[in-house]
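Note sheet for the following structure.
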Amino acid sequence: MIPKAWRGRRSGFSLLVLAAGLLGALLGASPPAPVRDLDRRAFDLRLSLLPEVPVPLEVVLVLAREETLARMGRWPWPRRYHAALLDRLGEARTVVLDILFPEGGDPEDDALLARAAARHGRVVAAIHLAPGQGKAPPRILPPYDALFRGVADVGVTNVEADEDGVFRYAVPLWPVAGGVAPSLSLAGVSLALGLKPEVEESPRGLILRLGKARLDLDGDRRVWVRFSRVPPRVFEYGDVLEGKVPPEAFRDRIVVVGVAAAGAGDVVTAPNGGGVRSLFGAQFNGETIRTLLGGGTPRWIPPWAAALLGALVASLGAVLALFARPLWAALGFGGLVVLLLGGEQALLASGLWAAPLAGPLTPGVLTFGTGLYLRFRVLHGEERTHRLSVFGILDLVRETRDPKEIPERLASVLAEIRAQDGIEVESPGLSFREVFERTRALGVEEALEGAGKEAVVLETPRDPWRFRMIVPLPEEEETRYLLLRWRRSLPLEQVRSVAALAVAADWFARALTEAKKQKETLYQTVAAMVEAIDAKDPVTAGHSRRVCDLSVELARHLGADERTLEEITFGGIIHDVGKLGIPDAVLGKQGKLTDEEFALIRSHPSVGERILAPVSLPEVAKQAMAEHHEKWNGRGYPRGLKGTEISLAGRIVAVADVYDALASDRPYKKGWPLAEVCDLLYKQSREDFDPDVVQAFWEMKAPEDWVPPDRRPPTENASS
Ligand SMILES: [Fe+2]
């Protein structure tokens, strides 16, 4: 479950999860302004999508709109108009008079209105609260006694906007000096229902009780208004006054009377789905009354619950991102979001609202995203190093044709790692003493002894290279060490990968050095042998070296690769080694050889094979030696091989050998002119020699004016 790369970092990541939790709590409890704004809009939208709640009483509005004002003159009107209106609303269950009468007017009119209110019996009038001095509660502006003597109740008509200036909530009970005063809406509802509102404590917070109805109040004793999709019926003030509306239209209804003209100033911004719209004060009161009648709206969860939810989701997001397999992390986080949305539904059903962004989603997405970023950044880095160490070496060896390049390529990879990850190979192949001197760390001796063949990590906080890894190299005699150093805390796997690379580089370098040494030794041995042959037969001194040189030239001309050239070099040098086994008397004999002596001479290729059998020489070199007296037509010795049965090395050395024998001066003859050698080789081609090798010889060595004998003009032929 937990990624391997996390080992050694778990405490670090646990801290990250803790930090994520704290961040979540902070964001949940006090989200930044943009998140808070989005959450409010989400709340508005969510509320507008809730099903309409049936209300026991219908609310209708009587509004003095522009057209009435145009008809009846400018506001304020004589108060006898309102008195007359109240008489028209006689059938109403309650009249909520959302008009302020802060001071006395025409005494006669005031008396008329007071009497009309008293006659109706169920009129609620508006009072206004003025802000208190300092921390004192707001004051009720002194009511106009003459009027209020006739009303059944009064209520506070103030409304308060949310932080963003939108009016979302109502305050049913306003704190005032000496207690609380009901809002105009609450006063109207309690009068209409004949119930006295009571506030009580419950385990889930404050509750406003109206008979059986219970409304949740939030921490600030507010009720969130639930704006209905179907607006209440509205009647024109003037129409009602003039008797154009039948009295039954108001029967048993709560009637809110107010002014709805732009000039009256009583306008608020209210939510409208996810957006906003303007409402007049009376309309807002109408919505509040319907909310109170319908049993309220969901309440926002308290900040501590939002903090807890934020912390929970943020930590879960971090845990999933950091520790789960990628697929599970994605599924898990998706599931978490679905769970949150489902949880939100369940909360709503129980009358609670959890801001979806601040509480769970923003912190969750933040920590999940950050966790994923951290994880993949780190994992990717480690995967890269890992690839270099395991597959990288294989690829390097496969891709690199010349093994000599391998240590160089490995070194460049190590340099890249040093630049990127800051891990440096201090020096490969140090002795124990050198390691000790370089690290100067206390306890290094004990650490190395205790760890045996294991790598040891030393931490030296005062050194700029805070960490060192000492890796023992596989060695036969004295143990040597590889020393890596790095400055910042890194996962051990990553360092081990680099160590593996460095060990490989060291191994390749040593292997190549030894191979080179071996080859040099061999070459020196062979050269010593050749010198011995020369010493034995001074007449042919230098022959082997010259045959060797010409053979290599011929082979190169025929397109042999470097490796074959190297092998033919050996072959040329050693081709006559077998002569070491032939008695000096026979080798140096002047004059005609007996059959036995001749047989002895002819045995030298086989003798050479026997001499060199225990020496590990390239096969091609041995073939060159064994087959340089075989002939193309099969009449050579020692085996009588024919055509391409003879190795190419054998065929090449054969031509070079004959050329050198003919062209060199000997005590008993002058060296042949080059053209004559060419003639002979040409004539013997297909008999003694491979025509391709002869062709190569001719192309390389023949004088410029030389032409094959059978293509010369007859006259020249005759003269020669
Ligand atoms: Fe020979």
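Just so you know, glycine gets a Cβ as well, placed from its N, Cα and C.
Looking at 327-347, 495-515, the range tied to transmembrane segment in TrEMBL is 327-347. Through the fold, the transmembrane segment (300-320) approaches residues 16-18, 20-30, 43, 205, 218-219, 224, 328-329, 332-333, 336, 340, 347, 352-355, 358-361, 363-368, 370-371 of its own chain, all at least 6 residues removed from its boundaries and within a Cβ separation under 8 Å. For the domain 'HD-GYP' (518-713), the mean pLDDT of the prediction comes to 86.
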